[in-house]
Amino acid sequence: MDFKYDVIVIGAGHAGCEAAAAAANLGSKTCLITMDMNKVAQMSCNPAVGGIAKGQIVREIDALGGYMGLVTDQTAIQFRILNRSKGPAMWSPRAQCDRNKFIWAWREILENIPNLHIWQDTVKEIIVENGEVVGLKTFWDVTFHARCIVLTAGTFLNGLMHVGKTQLPGGRMAEPASYKLTESIAEHGIEYGRMKTGTPVRIDGRSVHYELMDTQDGECDFHKFSFMNTSVRHLKQLQCWTCFTNEEAHNVLRNGLADSPLFNGQIQSIGPRYCPSIETKIVTFPDKEQHQLFLEPEGETTQELYLNGFSSSLPMEIQIEALKKIPAFKDLVIYRPGYAIEYDYFDPTQLKHTLESKKIKNLFFAGQVNGTTGYEEAGGQGIIAGINAHINCHGGEPFTLARDEAYIGVLIDDLVTKGVDEPYRMFTSRAEYRILLRMDDADMRLTERAYKLGLVKEDRYALLKSKREAVENIVNFTRNYSIKAALINDALENLGTTPLRQGCKLIDLINRPQITIENISEYVPAFKRELDKITDERKEEILEAAEILIKYEGYIGRERIIADKLARLESIKIKGKFDYDSLQSLSTEARQKLKKIDPETIAQASRIPGVSPSDINVLLVLSGR
């Protein structure tokens, strides 16, 4: 068997699957190495994809030609758009998925990609020659040769699980950890640390009193994750349920804190701030009498349920006793307890924006090994790493995304510029150009770039062009079509908005909050005829995109002007230009940070914590600006 590849991806989680698929689809001979072929793209924690800002990332992955969105649509058992009460910049898709069907849908995709081979094994060592990675060795003593390697090992590097005082080595429940690989990489001067995450109990649904819980239904409209022309819902759509903890449960949890790995010194690593354990919640918020819990199905046919909001590493007996104090769980039976896991990660400031190591050429890092948390954040990094690994093998310009192009761009820029001291989770608040990074236009932003790269194929590109043309036609019609006050005022009163004193353009009416493209078209026959010309199955998607462009035109334009101004600083390259130690006009902290991160541009330098505006002015002067 030939063990020589262009690209090898270590780990078949969400980052690894996207990385391997991208590299192979671009034409690189690719190998994806995983400990267990039956666990590819395993959803280790919540059986859900998307959420606030995360849903936008999944749509961006899809727009780039990735697969997470397609697999999610294919295996979703509940779909919702979050933040509907806010503006479209904040709307985020989220889906519950069938955990096992998600795995097998991904495996079917991977096994049918030309150029992609899957190998089941554990990697123990990378081979580096003259500062460049050239291969790896596995525990089966197989040597692989590669031009590029992408590390996407998730929580498996020296993983250690905790339930109370019990500690068990492993990368996930009932799965072994990966040893020696961290040390092999660290030998070459790459710094690493430890982080922690956790997961809640899994509950036998036959023991739950659903009548004592509130139901949470999904939505059945046209929204989905993928921009491809696929059917909206494939599987039976299921409910979720909500309830609350109570003071009795909190007292049980407090009494168990002495045996909590988080509070007795057993766990020293930092956990995710925005997904705290239940014991952290009751300690951090002692006055809060209840915390909301979400009970979520693990699949279409299983009785297994995931208890969102009750992540814990307390002893199993404490977890069960506390939950039984909640009326809906008074007869609780669990499949397994919640647990915490500690694992190795690598400081992401040691990476370029392509996710290639600055210290070892052709070695890329993506996913949780970079200090992030979440399937979506992992997948976004994975597709960028896979693309750039292919480019390193076959030539071409590095492929990066700017902060005004994608949430993936914000994510990677934050990682490589600011670093992490806790697991990084994406939020809309991390993006300064939220109005430009909406869920509805990820295809408009990214698909053409991926098409030029060769990752997006003709069918997806044709869908983009037809959608773009239809949206432009609608916007142009409303911009040019004149409305007479006498002919529309009765309709405006029916729609609950102020009558006109004089004529206006149709676009001015649609800008009103009470007016939508669909409701005003019922009173403007010419506009209705224009909309009826759209025979595309995605008509609702097209109308939504056009309406957002119309209603938010001013905000979008203003944000674009700001982004373009700051983009000028991105054009001022400074990497390798300065000996920062010798620049006494910079603050001491700035010299240290600039030397460590070695930013590519003035704009990146300006985002480094500890580098002040006056330090940036010094660099601008020295750059001749």
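Here, residue 1 is simply the first one shown, and the rest follow in order.
Placed from the backbone N, Cα and C atoms, the Cβ positions cover glycine too.
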Candidates Val123, Val232, Val252, Val283, the one Swiss-Prot lists with Gly11, Ala12, Gly13, His14, Ala15, Gly16, Ser178, Gln368 as binding FAD: Val123
Among Arg273, Lys281, the one of these binding-site residues whose Cβ has the fewest neighbouring Cβ atoms within 10 Å: Arg273
In three-state DSSP terms, the structure that Val123 (FAD binding site) belongs to: strand
For Gly13 (FAD binding site), nearby residues of its own chain (Cβ under 8 Å, 6 or more apart in sequence): Val40, Ala41, Gln42, Ser44, Thr152, Gly154, Gly367, Gln368, Tyr375, Ala378
Where the record names Gly11, Ala12, Gly13, His14, Ala15, Gly16, Val123, Ser178, Gln368 as binding FAD, the maximum Cα to Cα distance in Å: 18
Under 8 Å by Cβ from Gly11 (FAD binding site), same chain, sequence gap 6 or more: Ile33, Thr34, Leu151, Thr152, Ala153, Gly154, Phe156, Gly367
Distance, Val123 (FAD binding site) to Cys275 (NAD(+) binding site) (CA atoms, angstrom): 30
Spatial separation of Ala15 (FAD binding site) from Arg273 (NAD(+) binding site) - C-alpha basis, Å: 22
